[in-house]
Amino acid sequence: MPESTTIRPRSKLFSRSGLFRRKSFEGPDEAGPGGLPRTMGLWQLVSLSLGGLVGAGVFSLAGVVANQQAGPGVMISFLIAIIASSAAALCYAEFAGLIPRAGSAYTYSYAALGEVAGWLIGWDLLLEYTAIVAVVAIAVSGYLSYVVEQVGLDLPSWMLGAPGTGPGHRVDLFAALLCLLLAFVLSRGSKQSARFETALVVIKLAIVALVVVAGAFHISAGNFSPFLPYGIGGAVAGAATTFFAVYGYDAMTAAAEESVEAKRLLPKAIIVSLAIAAVIYLLVSIVLVGMQRYDQIDVHSPFSSALAAVGLAGLGTVVAVGGILGITTSAFANMLAVSRIWFAMSRDGLLPRYFARTHPRRRVPTRVIWPVGIGSAVIAGFLPIKEAADLTNIGILAAFIVVSIAVVVLRRTRPDLPRSFRTPWVPFVPLVGVAFAVWLIANLDALTWLRFAAWMVLGLVVYAVFGFRNSVENPERKEV
């Protein structure tokens with residue numbers, strides 16, 4: 001008989017209060033008639049996670065941190081960031097095995113901390129993931145515009161960027177079209193989407209391997225001295241920058257409901273993908289600073305300049321292709337994540353249930369996918385990358401904090417629940433994740449905080465007007 005997970009509030013006060021009523025997960029974990037099909041195996045899940053983990057930063061971020069913050073000690077920066085990210089990843093792994101349902105941090109916080117906590121994290125991630133899709137689409141557009149220019153094509157300036165980003169710019173057409181293309185791929189079905197992402201990730205990793213192996217033959221030991229020119233403080237500051245490159249597994253957990261043997265495979269996929277990403281980032285940073293002195297690295301194109309310095313300029317085009325694929329897989333993973341979170345919130349009644357219906361044949365939430373695709377296309381087409389990027393990061397960090405706290409809370413309140421994976425050394429490991437995320441949030445600028453607060457206030461208004469009364473956990477809810 002299929003194993004079930006039920007998380008119920010302990011009193012009528014909590015069950016009837018919107019602040020504390022919690023999501024109950026009853027029955028088998030298999031998708032129902034209107035649910036999402038379980039089609040993804042371990043390597044499809046790993047590919048989806050790596051799509052978010054190994055993005056454009058694999059060829060650019062190490063150079064920026066090495067040049068400006070850590071020197072050859074950039075590998076220490078990545079190591080610190082990976083340890084901090086692993087603390088949160090282990091918490092996600094426990095919840096993924098415990099509640100293999102769509103929604104990621106929204107679903108986990110709803111189950112452990114109550115409806116309002118779940119709503120706020122879900123509402124927050126709707127904006128964050130959509131903005132991330134737009135940001136990386138704008139970055140892809142930059143690569144494509146460069147390639148088009150190199151082959152001698154003269155495109156009209158109105159289509160090359162958002163208003164204010166250059167003379168004659170009216171819309172970033174490449175970025176907007178990429179968002180719509182990704183929405184189209186996602187709307188074709190889970191199996192087709194997984195194949196698309198896996199193919200791009202395999203090509204991307206092959207390019208990374210080629211560049212690392214080629215560069216390894218040109219490493220000079222002298223380039224590693226001085227190892228920490230900016231001191232240990234520089235390496236720690238670099239860890240704050242590199243942290244944003246070593247998460248992405250959170251996007252994969254949003255698709256938990258589409259995994260076969262979810263309770264066994266989801267925790268494994270998180271750990272395997274993070275381990276692969278850790279090895280990649282460490283190798284890339286070692287090869288980069290080994291090829292070229294840290295103070296000579298071009299922060300705008302670190303690997304291209306380093307390869308040129310050792311006579312491998314021809315690989316620059318390969319790096320550009322790797323960058324395009326790296327960003328595209330990241331955009332895809334985040335668009336999938338936001339569509340599944342929106343779907344889960346609608347199925348729970350916190351957003352209109354119209355969006356909780358899947359396509360009758362493809363069994364994917366197309367009513368959500370296309371609004372996400374269009375919304376991200378509008379942001380990507382008409383906002384400069386800096387303004388779009390300001391909408392990201394703080395919400396992801398907030399989700400990390402809430403999930404880490406939720407693991408500790410649920411261990412104390414429901415130690416009886418069957419867990420296929422247990423976060424080690426609770427509460428120490430979750431608190432490491434919380435501390436690092438709080439430190440990063442505290443260093444964000446005031447405007448980022450203001451935008452985040454405004455979005456949260458709007459979310460509370462929407463919850464008070466619609467979500468509270470229409471929640472499926474509300475015993476007084478009337479079916480329409």
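Numbers here mean position along the shown chain, with the first residue as 1.
The backbone N, Cα and C atoms fix where each Cβ goes, and this holds for glycine too.
Sequence annotations record features per position, and here TrEMBL assigns transmembrane segment to 42-66, 78-99, 129-148, 168-187, 199-221, 227-249, 269-290, 310-343, 364-385, 391-411, 423-442, 448-468.
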The transmembrane segment (199-221) in contact with the transmembrane segment (129-148), cutoff 8 A, at least 3 CB pairs, sep 6+: no
Considering the transmembrane segment (391-411), which listed stretch of 168-187, 227-249, 364-385, 423-442, 448-468 counts the most C-beta pairs under 8 Å: 423-442
Beyond the flanks of the transmembrane segment (168-187) by 6 or more, those residues with Cβ under 8 Å of it: 133-134, 137-138, 140-141, 144-145, 156-162, 193, 196, 328, 331-332, 335-336, 339, 359, 362, 364, 366, 369-370, 372-374, 376-378, 380-382
When counting Cβ pairs under 8 Å to the transmembrane segment (423-442), the leader among 42-66, 78-99, 310-343: 78-99
Cβ-based contact of the transmembrane segment (227-249) with the transmembrane segment (129-148), 3 or more pairs under 8 Å: no
Interface check, the transmembrane segment (269-290) with the transmembrane segment (364-385), three or more C-beta pairs under 8 A: no
Contact check, the transmembrane segment (42-66) vs the transmembrane segment (364-385), 3+ Cβ pairs under 8 Å, seq sep 6+: no
Beyond the flanks of the transmembrane segment (310-343) by 6 or more, those residues with Cβ under 8 Å of it: 36, 48-52, 54-60, 102-104, 106, 122, 125-126, 129-130, 132-133, 136-137, 139-140, 143-144, 146-147, 178-179, 182-183, 185-186, 193, 196-197, 200-201, 203-204, 207-208, 210-211, 214-215, 218, 248, 250-252, 254-255, 257, 291-292, 301, 303-304, 351, 355-356, 358, 365, 368-369, 371-373, 376
